[in-house]
């Protein structure tokens, strides 16, 4: 039997309060202070070895009432309404396969399964793999006309069991899994022409995906993009591999930096139903509208509306202008026709379009109207209803909060995630709005479990009859299944009760989510507070920063990470702050750093920390800052500001000069590095220009030598500037590690090294 105070501590472990937290009363009761609490802390080893594992429930919808879920290596088919299941594929199938299966994919008609193995990672999303097709009716692998090894991407058709795949940068289609492949494109060339897959910059910054293939709803057509990197400059770096390699390999990637030549883009649609073994496919090109074709441009969204209507969104290189082009198929000519009357322009006068790109449209079933998230007159992202043949739209949501995403659209309701509830930007809840009366809005998640759950995502069945709610915090993750007819909970899928039980025997930190005022505006922060936090004591503080455009660090998500260790074992407060430039609070805040990266977002981190140091429980002689990527840049700019607020800091894989970073990301916020545009802001925002001020702080600079994203060049130039300025600093590189420094040994090493540096800075050794 649990003692009452232990029960409450267990609740604290799963529900770090996401309100203004003072010292929880439970921690002040008899027998519950640091001197008498014999429970263990959450250690660095716990984080590195993932001792305490959160459970997830990753289902895959295969109809409007059924989903697949992998359990004990069996693939089970569940009925959503009743919860009963049957074995869809036995674990013995995997055991007999002879390869280590990385993933699987079931054809829409459930006749075949695609097994993925020999997975080889390339960049953030891209990889190559081998594939075999399993016939579910015959319960055997298909051995004829197999998919080639090192396939770059593969996808089932929307219906039936056709396959489209990319190999050696060209597209192939199989009408039947055991039929010969038909080649769709013939122009593919490594690192030059990409058909059906993205090049580096489109993968990283535009589509956040490797695939550039889109099946039509009934699989009559296959749309694809072609990227031409012929003129794109190459980034080159050494890859050292194992010590037996006498000369390092040289990795070369077409990588457009700010102001450099960009890839060009073409878009095609091919009629798959017209394919025959003796006739090569004819692809019809859809040319962008003239308003973007006149200069450099991007394809940023592809959405099939109906079987014979497709929506494309194009973006100018200066990303404050986008245009949606809705094209119809002309059966008489076999061409796709664009009409000015079906084009929709989106312009930003204060920054850039969308959060990172224009939002995707959600079309009604007849294809004659759509809903899309755009900025309203007040600068908040809300849902607007468009007719396809009219320019103006009607906003169906409003307020000083933002819609995060549209999740489902039926004939009666639109479902969306927003941060409206209680005015907390770092929360997420599911809402539905009645389409025949926009005043009828219901929050489906706000009051379900408000202490434990304030940050939700959702997964809908194919026609939105059922949905899975995924609660990510502030308590332990919780997965539940609901019927959309009445929105009642059908069952709990995973509640992490085992982890809850284990964490009751661990001294866990608590989480504070609150706001301060800067420049007359409310800005949010979070603090991970040590166990038995006592506001009358003084604690060292680590500011964990990202601070990139549209970022958010103060949120209601439960995490077990490095900060958990630092707070639990080392009694360090770990804080994060969302200042100017951060997202989900309106364009006024987000666009404040437009064309001036390295300014306000840096200043606000310093000023927020000054306010933290005045709260009475922060030791102002022991304040540090750390960040990764953009966070490494802001860390370095903060330390180089000479504010006197910070004693030390750690920058991992930082940007140091925006002219070194990729064109799509950088120019979105900074424009072009030319005298006619914004060269002065580029030159005034480098870390190197602040080298002299690093004499006042302790600095640890870390980078992976095979970082394809933020190149080692960035840290090399910081190092050179610091050496030239006579600054004593520490540095660590990780051989052949990319931007994530995620290999098992490197991951353990970097966090051990950073922990030692921080403890030394705070005199905790």
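Each Cβ is built from the backbone N, Cα and C atoms, and glycine gets one as well.
Now, the feature entries from Swiss-Prot:
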- 1-6: topological domain 'Cytoplasmic' (TOPO_DOM)
- 7-29: transmembrane segment (TRANSMEM)
- 30-765: topological domain 'Extracellular' (TOPO_DOM)
- 84: N-linked glycosylation site (CARBOHYD)
- 91: N-linked glycosylation site (CARBOHYD)
- 149: N-linked glycosylation site (CARBOHYD)
- 218: N-linked glycosylation site (CARBOHYD)
- 228: N-linked glycosylation site (CARBOHYD)
- 271: N-linked glycosylation site (CARBOHYD)
- 280: N-linked glycosylation site (CARBOHYD)
- 320: N-linked glycosylation site (CARBOHYD)
- 384-393: disulfide bond (DISULFID)
- 392: N-linked glycosylation site (CARBOHYD)
- 443-446: disulfide bond (DISULFID)
- 453-471: disulfide bond (DISULFID)
- 495: N-linked glycosylation site (CARBOHYD)
- 629: active site, charge relay system (ACT_SITE)
- 648-761: disulfide bond (DISULFID)
- 684: N-linked glycosylation site (CARBOHYD)
- 707: active site, charge relay system (ACT_SITE)
- 739: active site, charge relay system (ACT_SITE)
- Message: Using a Cβ cut-off under 8 Å and a sequence separation of 6 or more, which residues in the same chain sit near residue 446 (disulfide bond)?
- Response: 421, 429
- Students should find that the Cβ of residue 443 (disulfide bond) has, within 10 Å, a number of other Cβ atoms equal to 14
- According to DSSP, does residue 271 (N-linked glycosylation site) fall in a helix, a strand, or coil? strand
- Most crowded position, judged by CB atoms within 10 A, among 84, 149, 392, 629 as recorded positions: 629
- Task: Please name which of the recorded positions listed here, 271, 320, 443, 495, 684, is nearest in space to residue 761 (disulfide bond), Cα against Cα.
- Result: 684
- Row residue 271 (N-linked glycosylation site), column other C-beta within 10 angstroms, all chains, value 16
- Check: min Cα-Cα distance from residue 280 (N-linked glycosylation site) over recorded positions 91, 228, 629, 739 goes to 228
- Non-local Cβ contacts of residue 471 (disulfide bond) (under 8 Å, 6 or more apart, same chain)? 445, 449, 452, 453, 455, 456, 477, 478, 479, 480
- Query: DSSP on residue 761 (disulfide bond), three-state: which is it?
  - Reply: helix
- Task: Determine, to the nearest whole angstrom, how far the Cα atom of residue 495 (N-linked glycosylation site) is from the Cα atom of residue 739 (active site, charge relay system).
- Result: 33
- Please name which of the active-site residues listed here, 629, 707, 739, is nearest in space to residue 384 (disulfide bond), Cα against Cα. 629
